[in-house]
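**Q** Look at TrEMBL and you will find 15-209 tagged as domain 'Poly(A) polymerase nucleotidyltransferase'. Here TrEMBL flags 94, 95, 96, 107, 108, 109, 162, 223, 232, 241, 242 as ATP binding site. The Mg(2+) 2 binding site annotation in TrEMBL covers 107, 109, 162. Per TrEMBL, the feature Mg(2+) 1 binding site maps to 107, 109. The domain 'Poly(A) polymerase central' feature in TrEMBL is assigned to 214-358. The domain 'Poly(A) polymerase RNA-binding' annotation in TrEMBL covers 362-419, 421-495. The annotation region 'Disordered' is assigned in TrEMBL to 490-526. TrEMBL lists 505-526 with the feature compositional bias 'Basic and acidic residues'.
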């Protein structure tokens, strides 16, 4: 937990710039830190001593299994008895466990390092897989060899484990192997580098922060915040554990003597004003003679497209947040702004810490959603199928952004929901949909994403381990059609006057128009829907007489005021209305695709037709034009405009700090340097 004893003890500079402030905590800061730490304990974020001991035991037992596996392979390949005796595998941890911020039930991220003659493809994913599959302690075994970082997932005596494998260029792996030594990267491939860098990055982070305990408490707090606010998921395009750790570590560098309550507040203040895509870096990027590619927009065109670069500190330095899209960055910036406001109120004693962790009311924030239903024959098949589909959901967001030129904004929600009433194994994900703020609305213009959805489904169906029963359905649902199983209480809550956690806006909420008329209309309709059942979606039969592409052409307009789910009959009996996936307890075999998003003046729903018109309101939240490109840095050195953070009046502590922080932190563009080793400052100008 937070530690005040070392405040001001160190004069060492951390990071690529001087700190913004070296000020230590006030009495009020110390009290707020105690309250924050008590909140974290009361929220159950720390594991018990018994569970901690069990993790240590499981790690030891897993290490023994891995050593035996390597010895078996060594003997099988005809090596000498001495080689068999010396054969070894070493297990390392990384992620939240390595950083010391894991909680009860958290996954245990592990890395097995073996000798050069034990490979990943056959030995790890087949030989070791068979060994684990025959162990009683191992359950839910799931190999994912085609992931960006190949991994084997399973539970060992109830402890969830993600196991990676790295084969290094040594015949014998010593127990005292120094994983920080860059020579360990010699003669290995890119997937192995990525596997090794999880541990190497975690170690570097702990070395680059001024106070490890303050860092850990702050990170634990912000991980909990990100989960509650729906922005914790690297695979979906939000922030994962490593991303958050790097962002928190940078704030610790900028405020080296701050304690957790201060660091949480400064976190939101800094990243509310951060001018993305300027990179967040803990240390300069360095080249190395090993020749691995490092993050460098000057040389790598793909790096110029990154929206939110958060650079890892260990060679080869990479962007850990390459999954972030325009849509997910917009959502995160909204949450930063909302939480920055809450922290200001906490510092004025106008709010408690609990307000910062209010769950995000996702299903009350939009009028229109995409529902992605995933089904499989049994639970084991669903686990594998769901993992694959979830890893591809980010592509659906990118495809919609691409095909609508960013005019249709998506908010993928990184949590899955299960309908226990379904006879087949089932899981569902949701995306909020809205028109981009400020777009000119012209009646009759439309977005048609049928081709986009069809392309997405085609890419998902390329799953190499597909089995009969695995299917996916993508459908458009309005807010009142959201099934009851997504709500914690098991029923649909009455709508609030304002969705929880939305930014204040003098005109309307950030995602919808909440008017008295609409509020009065919704409840009677909802009761009707609950009695009769969710209205039938529009499904496209697989047995088309003509290909889908012949009528699923992507159409785009500059703006729209409504979303319409429509299909064109064209005089042929090709399209029929069928039951929506959520309304049928059976496992359907056809995929319902809701695909046409169009402008329409009405908001009625014509049950007897093949058209459902719904309205989408302007988005009045955070400016969605935060660029994901390096347009203003291509020409070399440039200045970053001053952005003064709004501080609540009457807060003398923050006002005094503002006066101390007027020093300009020069930001020099990445493009103005020939060598990364000469870089002295990568941070923007921040004034508080």
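Every residue gets a Cβ built from N, Cα and C, even glycine.
Automated prediction, rather than curation, is the source of TrEMBL annotations.
Could you tell me the structural context for the features on the list?
**A** If you take the C-beta of residue 109 (Mg(2+) 2 binding site) and look for same-chain residues 6 or more apart in sequence within under 8 angstroms, you find 93, 94, 95, 96, 97, 98, 162, 164, 198.
Confidence across the domain 'Poly(A) polymerase central' (214-358), taken as the mean pLDDT and rounded to a whole number, stands at 95.
Secondary structure counts, DSSP: the domain 'Poly(A) polymerase RNA-binding' (362-419) has 28 helix, 19 strand, 11 coil.
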**Q** Rounded to a whole number, what is the top Cα to Cα distance in Å among the residues the record ties to ATP, namely 94, 95, 96, 107, 108, 109, 162, 223, 232, 241, 242?
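**A** This binding site's residues have a maximal Cα-Cα distance of 19 Å.
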**Q** For each of the binding-site residues (94, 232), count the other CB atoms lying within 10 A of its CB, then report the residue with the highest count.
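**A** Of the binding-site residues 94, 232, the most buried by Cβ count within 10 Å is 94.
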**Q** Given the binding-site residues 96, 107, 108, 162, 242, which one's Cβ is surrounded by the fewest other Cβ atoms within 10 Å?
**A** 107
**Q** Please report the distance from the Cα of residue 232 (ATP binding site) to the Cα of residue 107 (Mg(2+) 2 binding site), rounded to the nearest angstrom.
**A** 15
**Q** Rounded to the nearest angstrom, how far is the Cα of residue 107 (Mg(2+) 2 binding site) from the Cα of residue 242 (ATP binding site)?
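**A** Checking the Cα atoms of residue 242 (ATP binding site) and residue 107 (Mg(2+) 2 binding site) gives a distance of 14 Å.
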